[in-house]
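**Student:** Residues annotated as transmembrane segment in Swiss-Prot, with sequence analysis given as evidence: 4-24, 37-57, 87-107, 113-130, 167-187, 211-231, 242-262, 313-333, 334-354, 386-406, 417-437, 462-482 (among others).
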Amino acid sequence: MSSFPWLTILVVLPIFAGSLIFFLPHRGNKIVRWYTMSICLLEFLLMTYAFCYHFQLEDPLIQLKEDSKWIDVFNFHWRLGIDGLSLGSILLTGFMTTLATLAAWPVTRNSRLFYFLMLAMYSGQIGLFSSRDLLLFFIMWELELIPVYLLLSMWGGKRRLYSATKFILYTAGGSIFFLIGVLGMGLYGSNEPRLDLERLINQSYPATLEILFYFGFLIAYAVKLPIIPLHTWLPDTHGEAHYSTCMLLAGILLKMGAYGLIRINMELLPHAHYLFSPWLVIIGAMQIIYAASTSLGQRNFKKRIAYSSVSHMGFIIIGIGSITNIGLNGAILQILSHGFIGATLFFLAGTACDRMRLVYLEELGGVSIPMPKIFTMFSSFSMASLALPGMSGFVAELVVFFGLITSPKFLLMPKMLITFVMAIGMILTPIYLLSMLRQMFYGYKLFHVPNENFEDSGPRELFLLICIFLPVIGIGIYPDFVLSLSVDRVEALLSNYYPK
């Protein structure tokens, strides 16, 4: 076990190096872009090295532990550590943030502040996934709000201020319940705050209090995931945000809610989770159907993709609620799979919108003729999103299906009903995605704009798309590569904390 503070370096490096952006010489945006890209690549290489040489996959315990006193008055510690549940999310964060930085290449207005905010988000996300202290977890959760709000309000569409305000109100409202839960758990049974996750795992609570804690945390996660009916900020936000910001929102930010649900609610509040799990499964099934049906009625293709994200989050909720090894591993696989696919669909939608200056499907048609590369990649990732066999979306949804079917928690008839509802959702998914492709790319040329405006994808964009397409295919063909990260930790979590 290495005593070197790898995780502290990974958390602090992006925001510290990002603050130096403002001291770079004023010689255009090129220096700022390459500096930011270098920081992202260095961070990603460091985390890859640390995990390859200092992390044992077969060990289900917390590794790379760090514990230092931070604020002595409150007995507040800087506690970090990772296990199989957080490893995949951290690697996804490093990979997607690096590519989102590459996607943000065209941003020229206030580019120093833009790239600094992206790096600040990077630090917050790595900090959240590696946090082993409840208050530190909350601080990292909140650290996301300011960068995202500024990225939305300064580099968005016409209704960017409305979307940014809606986002901050929803997430800040959920955070109030989160903070109450953190303080309640930390101060329960003691005058001194006890916020170490290792100690809180063994803490027992009265049934009513545990349910209240669980529900408070669930509201905060329901906003970020999102879970209906707290999802309405998402379509507005994705409809207005710059596509590089959308990549971080869809690829990482939504997954923070799912990670919190597993790390806090499942691990620390097992009895309440056992009671709530049937409701999670029911809500997840309803969400798949509702969001897929709503997506079909969207005229704005960015909002259609946003509702498809809400629908796919339903599979994660069902996997978490199934309380099985297979189901929870399927949920983690879906977190990574949708992180790749959802982020790329928003990138493609954003680049297409920048070229066409049109977002309404009835105004489009025949776009495949001037932009064949965008058409090819849009079609490929749409196939991945609708769970085409051989791609990561298919494997993730199939594993969640098996997790629900094999769950001893549910009787046969409820299982059959929920499986039937999920199947209907899987039928609706190709309907809204293929109809979007047909309206955008096929048919006659409905818009009246000169061809010069419609340049196809350049080398930078194609490189980015291929970088994401390779893991989507790789996970679809050999999912054990990802499942091996979490399978031992999931087994330990479920065997230790759940009634048989």
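Keep in mind that glycine also has a Cβ here, set from the backbone N, Cα and C atoms.
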**Student:** Other than its close neighbours in sequence, what residues sit by the transmembrane segment (167-187), given a CB gap under 8 Å and a spacing of at least six beyond its ends?
**Tutor:** 134-135, 137-138, 141-142, 145, 148-149, 152, 193-195, 200, 203, 209, 212-213, 216-217, 219-224, 230, 232-233, 236-237, 268
**Student:** Count, for each of 113-130, 313-333, 334-354, the Cβ pairs lying under 8 Å from the transmembrane segment (462-482), and report the range with the highest count.
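**Tutor:** Top-ranked stretch among 113-130, 313-333, 334-354: 334-354.
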**Student:** With Cβ distances under 8 Å as the criterion, find the stretch in 87-107, 242-262, 417-437 that has the most pairs with the transmembrane segment (113-130).
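**Tutor:** Stretch with maximum Cβ contacts: 87-107.
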**Student:** Taking the transmembrane segment (242-262) as the reference, which of 87-107, 334-354, 386-406 gives the largest number of Cβ pairs under 8 angstroms?
**Tutor:** 334-354
